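Some features that TrEMBL has for this protein:
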- 9-21: disulfide bond (DISULFID)
- 16-34: disulfide bond (DISULFID)
- 47-80: transmembrane segment (TRANSMEM)
């Protein structure tokens, strides 16, 4: 009895529903590349990927701004007493 072997794609590849692997850089490029399945399978989750990337970028920017503000507040708190004493 033949057994079904699951195809495992490399980490830099996208796995289509039919088990074929395409280069990851081709996913979300606006052109469907998967065969024997829905024609736009490799394009269907692109919005999710974009939203996740945008959220990560926004979080990084917010954290950077908070760090800058905290550093400036610490500097001001340390400098004002020195200026007042002089």
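Even glycines carry a Cβ here, placed using N, Cα and C.
Contacts of residue 21 (disulfide bond) defined by a Cβ separation under 8 A and a same-chain sequence distance of 6+ are given as 7, 9, 10, 13, 14, 15, in order along the sequence.
The local packing around residue 16 (disulfide bond), expressed as other Cβ atoms within 10 Å of its Cβ over all shown chains, amounts to 21. Its Cβ taken as reference, residue 34 (disulfide bond) is surrounded by 22 other Cβ atoms within 10 Å in the chains shown.
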